[in-house]
Amino acid sequence: MNTLFRPALTLVLLLTLLLGVAAPLAMTGVAQVVFPSQAGGSLIERNGQVIGSALIGQNFAEPRYFHPRPSATTEPDPENEGSTRAAPYNAASSAASQQGPTSAALLEAIRTRVAEAGLTPVPADAVTASGSGLDPHISPENAARQIPRVATARGIPEERVRALLAQYIEGRELGLLGEPHVNVLRLNLALDDLR
Amino acid sequence: MTLIGWAQIALVLGLAIAIAIPLGHYMAAVAGGRVTFLRPVERLLYAAGGIDPARGMSWKGYALAMLATNAAGFVLLYLLLRLQGMLPLNPQGFDGMSPWLAFNTAVSFVTNTNWQAYNGEAAASYLSQMAGLAVQNFLSAATGIALALAVTRAFVAGGVKELGNFWADLVRMTLYVLLPLAIVLGLAFVALGMPQTLASYVQATTLEGVTQTIPLGPAAFQIAIKHLGTNGGGFFGVNSLHPFEGPDAIATSLQIIAQAIIPFGLALTFGRMVGDVRQGRALLAVMLIFVVAATAIIYSAEAGGNPLHIAAGVDALQGNMEGKDIRFGQALVALFTATTTGASCGAVNAMFDSFMPLGGVVPMFLIHLGEVLPGGVGSGLYGMLVFALLSVFVAGLMVGRTPEYLGKKIQAREMKLAMLAVLVLPAVILGFASLSMVLPFAVSSLANAGPHGLSEMLYAYTSAAGNNGSAFGGLTADTPWLNTTLGISMLLGRFAYVVPVLAIAGSLALKPRAPESAGTFPTHGPLFVGLMAGVILILGGLQYMPSIALSPLAEHFSMLAGKTF
C-alpha cells in the first residue's frame, strides 16, 4: 500500500502547492502589474466612485438612456424565503432564462416585449433574454430604434444622438470575429457627457 | 448562415489544427521523457514521492496508481469544499458546501466532467476555486493524457508487459504541456478582460443609482486550464458566457482553439509513437468530419431562428438569440458548441437549454457517440482506439479474416472488453434518465414542460456519464437525488470505461506486432476513415435514437406545428 498511496498523496499535495497556490499567485502578481485594469475587472470610476464594469451590463429603465437586453437574473425574495424574484442585471448571480424553443412562457414574454417595442419586425436581441443575464451589448439595429426616445427625453436633436451612436458601434474583432455591437454603459456615459 | 460566419469557423478551426500538429509531435517527445527543461522540479517530485520514473507498470499497476491518485485528489477536494467557510481566501464568507453538493462537485472535477450544480460566484471561495477546482483541472487532464499514452504504448512494440509509469506520465504532462500552455493563455485572457485578482467583490453604484455587486477572483488562469484540459467547469455560473469569462469574440475563439488542440494533437502523438504518422492523421480526419458536420447543423438551426418567435414579430436576421449574448455571433457559438461537446469539455458560450430543437440535439448526440470527436484530453484518444478496434473487427467479419490493428491481432478477449467499455455509457445514461423520469421528486427538477423536459433530464445523465459537464441548465441539479446519481454516473463513465480499456492495452501489449502483408487491411486511408465514421455513428449512436425521437425530434415537429408547452 505504501508504494501506492505515498506517491499518490505526495504528488497531489505538492502539485496542489505548485498549481493551486504558487502558479495562480504568481499569475495574479504579474497580471496586477502588466494589466492592472483588466485584472481588476475593467472597472469604470466617476468622481472616485465605481459606477460599474465596462464588461458587465447594467439595467437602464429611464427613457433618457439606451436600454439593454432583457435579463433573466434573479435575487432571493426577502418576503418569501427559499424563492427568488426577478432582479435584472444582478451581477452577483449570473443566469439565463433557460426557456426552451417551445416554452409557452417564453413565447408569451416575447409577445409582450414585441408589443412594447412598437414597429415590427423587432431585432431579436431586443426581445430575448441574454445567456449571461449581464450582456453589456445591444445590436446596432436595436440601438438605432431607441434614438427617438432618447432624443425626446433629453430634448436634443436626433441627429446628435445618431452621431454619438455611430461612434460607439464596435465592429467585428479583427474585422472578422463575432458580430458588431454597442456597449450600452459606455454609450450612456457618453450621452451624459454630451452637455 | 453567412459567408463571414463560415470564414470565422474556417479561421478558428484552421488555427486549432495548425497548432495541434507541432503540439502532437512535442507531446510524443514529452511522453518519451525527451523534454527536460524542468528536470529539477521533476526530480524533487519523484524524490518526495519515492517514485522511480523509469520503472514500468503492468496494466493493473497503471490502473491502481491512477485510481489511488484520483482518490487522493477526491478526498482533498471534498474536504476543501466542505470546510471552505473556515479556510482563508474566502472574502465573500461563503459557507462550506452541503455533503451532497461537495460529493457531486468533487467527483465532477476529479473525473474531468466539471458538471456544475453550484453557481461559482455565489458558492465557491477563491481558495476552493484556485487550490481545489483548478488543481483538479490540471490533474484530471494529465490523468486522461497519461491513460491515452499507456494505451498507445500497447501498439508500439510486441511482447511487452509494461505500459509506462503513471506518475512519470502525470508529472511530465502537467509540467511540460499543461502548465506552460495555461500560463501563456492565462495572460492572454487577462489582457482580453478576464479578472485575475484576490480582491473581494466590488459594490458599484450604477448610473441609475442602483447598487450592483460585481464578482471578481483569480479567474483567468483557471479559465485557461479549464479549456486546455477540456474540463469545462466555469469560474462563474454561466461559464464562458459570463462577460468576465468570455469578454469578446477573440477570447471565445481562443477558448475554442484551447479545448481542441490537445485532443487533436494526441491523435498525431499516437501516430508518431507507433511509428506511422498516417495512423494518427486518419484518426484526426474522423474527428474533423464530425466536428465540421456538427458545426454546420448547429449553425444552420440557430441562425435560422425560432419560427414561433418570428411569427410573433421578431426579426429573423440575428437567428435564435434567447440564451445567447451578442458579442460572439451564431457562427462562433456553433463551433464552440461542437468542439465543447465533441471534445468532452463542457464549457458553454450559449445556453443549450434555449437552443432550437435541432441545435440542441447535436451536442447531446456528440456526447452519445462516446466523447471521441475529438474527445477529452486523453479520453478522446483511448475512446477512438476502442472504436478503431471495433472498426477493424467489423471489417474482419465482412471479409472473413482475423482482424488486426497496427499488426496486433484483435481476438475475443479484446472484443469482449471493448464491448464492456462501450456499453457503460448507454446503460448509465438510459438507465438513470428513465428511472428519473418516473420519480416525482426527480421530475420536479425540470424547468421546461413537454418533450423539452425529457431533453433536460436525458442531457443531464448524458453529460455526466460522458464526462462532459455541459447542461440544459434549467434543470435544478442541486438536489440529493440528482447530486448523487449524477455523481455515480460520472464515476462509472470515467473509471468503468477506462479500466477495461487498460485491460485491452495490457493484453495487446503482450502480442507480437505482425509485419504488414498483402492481406493487411490498411487503417490509414479514406476507406478506413469512412468505415470508422460509420461504426461510430451506428454502434455509438443508434441505441439512443428512440430517446432522441421522443425529446428533441418530437419537440421540433411540435414546434413546426405551432405547439407550445
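Just so it is clear, glycine is given a Cβ too, placed from its N, Cα and C backbone atoms.
Heads up, TrEMBL stuff is auto-annotated, nobody curated it.
Now, the feature entries from TrEMBL:
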type	residues	note
TRANSMEM	B:6-29	transmembrane segment
TRANSMEM	B:62-81	transmembrane segment
TRANSMEM	B:138-158	transmembrane segment
TRANSMEM	B:170-192	transmembrane segment
TRANSMEM	B:249-270	transmembrane segment
TRANSMEM	B:282-301	transmembrane segment
TRANSMEM	B:328-348	transmembrane segment
TRANSMEM	B:355-373	transmembrane segment
TRANSMEM	B:379-399	transmembrane segment
TRANSMEM	B:420-443	transmembrane segment
TRANSMEM	B:486-506	transmembrane segment
TRANSMEM	B:527-545	transmembrane segment
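For the transmembrane segment (B:6-29), the list of distant contacts is 35, 145, 173, 177, 249, 253, 256-257, 260-262, 264-269, 271-273, 280, 284, 288, 291-292, 295, 299, 329, 331-332, 334-335, 339: same-chain residues at least six beyond its ends, Cβ to Cβ under 8 Å. Between the transmembrane segment (B:355-373) and the transmembrane segment (B:249-270), fewer than three CB pairs separated by 6 or more residues in sequence fall under 8 Å, so the two stretches do not touch.
Contact between the transmembrane segment (B:62-81) and the transmembrane segment (B:282-301) is absent: fewer than three CB pairs lie under 8 Å, with pairs separated by 6 or more positions in sequence. The stretches the transmembrane segment (B:486-506) and the transmembrane segment (B:379-399) are in mutual contact, each linked to the other by at least three Cβ pairs under 8 Å (pairs 6 or more apart in sequence). Under 8 Å from some Cβ of the transmembrane segment (B:420-443) lie the Cβ atoms of residues 368, 370, 386, 390, 453-454, 457-458, 460-462, 465-466, 479, 481-482, 485, 488-489, 492-493, 496-498, 500-501, 504, 539-540, 543-544, 547, all in the same chain and six or more residues away from its ends. Take the transmembrane segment (B:138-158) and the stretches B:282-301, B:328-348, B:379-399, B:527-545: counting Cβ pairs under 8 Å, B:379-399 has the most. For the transmembrane segment (B:328-348), same-chain residues at least 6 beyond its ends with a Cβ under 8 Å from one of its own Cβ atoms are 1-2, 4-6, 8-9, 12-13, 16, 112-115, 226-227, 230-234, 238-241, 246, 249, 252-253, 255-256, 259-260, 263, 287, 290-291, 294-296, 298-299, 302-303, 318-319, 359, 362-364, 366-367, 371, 373-376, 379-380, 463, 466-470.
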